[in-house]
Amino acid sequence: MLRGLRSRWGTLGGLLLLWLIIGWWANAQPSRSANLLQHTSTSVGGLYGLEQSNSLPGATGPTTRSYRWSNGNLHVPLWPASNHARLVQLEYVAPFGPTSLQFEQTQALSLALQPELRQLSLFVPADVQQLQLRNQPSEQDGRNLGLLLSHLSWQELGSNGWAALPDATPFNSSNLALLCGVVLLLSLGWARHWLALAGSGLSLGLAALAWSGNWLNRAAINSLSQLLLVAALAVGAYHMWQRWPRPVNWRWLLVAIWLITTLSLWTPTVQYDGVGYYAYLRSAGIDHDFDFSNEFSQTPLELNTGVKLTKTGYAANPWSVGPAMAFAPLWWLGHGITLLGGWPSDGYSQPYLALTTWGSALAGLIFILSCEALLRRQFSPKIAALATISIYLASNLLYYSLFQGAYAHSLSAACVSLMALASLRLREQPSLGRWAQLGLSMGATIVSYWIGALVLILPALLLWPLLVGKQRLAWPNLIKGLGIAALAGLLVVLPQLAMWRLLYGAWLTIPQGGNFATPRSSQLWPMLVGSLYGMLWWTPIYVLGLVGLGLSIRQRQAWPYLAAVIIYLIYISRLPDWHGSGAFGLRRLTTLAPCLAWGVAALLHRWRHWPSTAIGLIASLVGWNLALMARYITYAIPRGYPAIAELPLSAILLSDQPLEASRLGLLMRNGWFGSQLSNLQGRSLWVFLGLLGSTAGVLAIWRWLGRANSPSLNQET
């Protein structure tokens, strides 16, 4: 094997040197120009959304322009990094006062108050990678407005081609992408001629992208290189792991990964829709009623809705009661910790918010455990574990588990996963107790997130063998089981029905109004590839799940999951609010996470003879999700709708820091555990003990149920 590896490297040595020279040359080519207002998302943090006016004050009278307002502190990164000087051009209005323009924190010039559109051209040296424009903003219509910018672009100056080679560095993103690509190809064990062909194609492709002079292409090379680096490192770690002589307990490995990510990133936050879910707990626990007027009008939490009275005189609460039911034990634990630690018992102190949002983190853990147990019935433990953790880490489920814990999305994914697992357990060994478990999980799926009712087709199809074929139950047993399941489900849903009766005067209603749930024209294509939360860009792991389900259409085991996905996607694609407004990706898709995990597992099973390919791809998707999430949370991408809808696709895909290491570090420092390390308070120990105790309780219960919950039909490791 070692001789074969040396032979491949010896044969490819000359080609590798040529590839590196081509990459060196590619780095020397200038990215000729870039329109920053239209394409880059890295400056959006200092800019408001795109606007249009036909009456901007021009030199010769009113003129028509598209423009953006700055917030008074605009950072303009000049990226991708270059060895060439730039000519920066601005067209702006400075109506509220002078503006300071700085090169890398160094004052360059001052722009005077300018009530009319003015054009400015600046020569920026090659060593300057960031401009800053600062002024004292004026508050107008609730916004802090600084500069009005109708044009902001740069153009590179200097030599190109071979003449620029001495000024370029051979250690650049093009060569990094090339080297990582070659390492990945070597790990696949390809024949030398295929390796030479693939390496040559990659190097020439990188050179063509760079030679085009399009800064978007150069930025894409930068992103590609770092994602390939993540893939190469993951493949290397996998090959080292293969040398580990001991058997792997995949389930506890998943728990360890959940624990590491949670300790690193978990941030207790209650805002926007989360305030509506949380209002049930606070109103019942503090005010001892269900009048939400003060929860919506006097809350210190961020909220984008006001008090709306219904015909019964109560404040409307259009959010489901399921999350409050699930998180109530944690809320009351937080209440006890509040009293012990001396915090104000107002429902808004740290223990209340921390323990409640910890419920979504625990829901993420329950999803991991139940989804792995679900997949293990069809696939090997290794594939089941990899598919489960891939869906968790590479999708927006991670965001709603660790950063928006007051929302229902993590809980919804856990409920669907438990429902599917309960269905398979019932099919394996029918009993009245398992019928009750199925009913409870179905009720929880509905009450946690109402649209989850569409996924009830999943247990119906999974249990189809109990109605027909060799596993068919006797009618008395079937009717008895269905009755118990229906009763158990009704008991779970009953609190929601009672709440609707109290608030709206009807047992069944659509709290947001009929138009909210009325299907319209399909937006399925934008859901898949659109810049506004398109799955291909925001959560590509979901696309892999769809592909895996589609390729498995001939397998009967895939039909229930595929049917649930199709029905759910068709319906939500026709909703007026199909995108979910301000969200990280298509948040409603977290409900489908267990079904899509089955598709990912099916795809990994097809690739079982090429594990390096699977590991590299999954690792790069996890890196992509973490980086995109870091940009979203830190407002490098606007979080509000419709501002985010105005961004072009390039603003979503490209960044000056593709892996966003600095922003991820910021999230870790600002997370609950990170902030406690830097500012530890003695009474916070009570909160920590509450988090630890609740986690231990979940693991203990799962372990107690585990022996019966996940018998594997395939014990391959």
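Each Cβ is built from the backbone N, Cα and C atoms, and glycine gets one as well.
Unlike curated entries, TrEMBL annotations are predicted automatically.
Listed in TrEMBL for this protein:
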TRANSMEM  171-188  transmembrane segment
TRANSMEM  195-213  transmembrane segment
TRANSMEM  219-238  transmembrane segment
TRANSMEM  250-267  transmembrane segment
TRANSMEM  352-371  transmembrane segment
TRANSMEM  383-400  transmembrane segment
TRANSMEM  438-462  transmembrane segment
TRANSMEM  482-503  transmembrane segment
TRANSMEM  524-553  transmembrane segment
TRANSMEM  559-577  transmembrane segment
TRANSMEM  613-633  transmembrane segment
TRANSMEM  685-705  transmembrane segment
Long-range Cβ neighbours of the transmembrane segment (250-267) (under 8 Å; 6 or more residues past either end): 358, 361, 364-365, 368-369, 372, 381-382, 384-385, 388-389, 392-393, 398, 402-403, 405, 667-668, 670-674, 699, 706, 717
Interface-richest range of 219-238, 559-577, 613-633 toward the transmembrane segment (438-462), CB pairs under 8 Å: 559-577
Interface-richest range of 219-238, 383-400, 482-503, 559-577 toward the transmembrane segment (613-633), CB pairs under 8 Å: 219-238
